[in-house]
């Protein structure tokens, strides 16, 4: 092997994501120089092994640092370091010129690795950055990746493997068993391998994720050309809806972000509903804020949704044709927060009584019906007898 490849394979610390590293800040790693061959390029590299947590399984690096750097993935889980997504999902959201396709043939793959190692060695010797080696620098500009990205670590991925004896009904260790006592995983997620995940082909996790997000991942051109919803026709609407806001967010944080796009008149925080409303002083400022933040606002690791607030109903009075038997038409007031008279404007005069209606005699407070007259019932009974 070349000297550059040997230098790159001996790293002081592996290239791993926060999830694989674990939630415990104090971990102990074992290091073995050239202890295993990379599962992608078959070259020996330094193996690291550690335990992310008390109830987690031991994890180790699976691919060499060169392959991890070329694809910008974790050496253990082979997921993107920036977005936490499978390579197939990430590459599907990028344009062709932004991808780095690693050849599968041994000759072409070794040549690409040599050119990459040469760039790294020249950059380290000259003390400058590595130019043209990482092709995923433009991934930050993809709004689809920002929407699908997993910002927080997912430590359930470090759980122990399934107990094969438990699946057979033969495990006798109970709670002392270091493996999980659950039913085996079946279906498409049961067949995963590192090479498919690295090259971004036939990855069942990526296929499931793209199927769940359907139109977003399958039609990139449509998504890239899309934008916020059309501004309301009512020019008086200057309020914006901010979704995903909970108790962690404060009004000052929201004001600091949106005040960069104009003068804010009011901010209404509704954490119990998971949203907030920001009102600008002018319509143009609200339009600029929507265009700038509609798909790129991330706060506290949470992707917030920015869009136009729903327009209020017009306060104009609508007149409807009167129903049969009514002389005047009914007019309705639209119900809004600013209208205190939330009622129907009905005619003042009551409608005439129906035909055959007998008003109660003087002194009686209720209407008397024929069935309520006992004398009438007695007379009818005597006649029939």
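In case you wondered, yes, glycine gets a Cβ from its N, Cα and C as well.
Because TrEMBL annotations are produced automatically, they should be read as predictions rather than curated entries.
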Next on the checklist: For the feature region 'Disordered' as recorded in TrEMBL, pick the matching range from 164-187, 188-211, 212-235.
Outcome noted: 212-235
Checklist entry - So what's the average pLDDT for the domain 'C3H1-type' (157-184)? => result 90
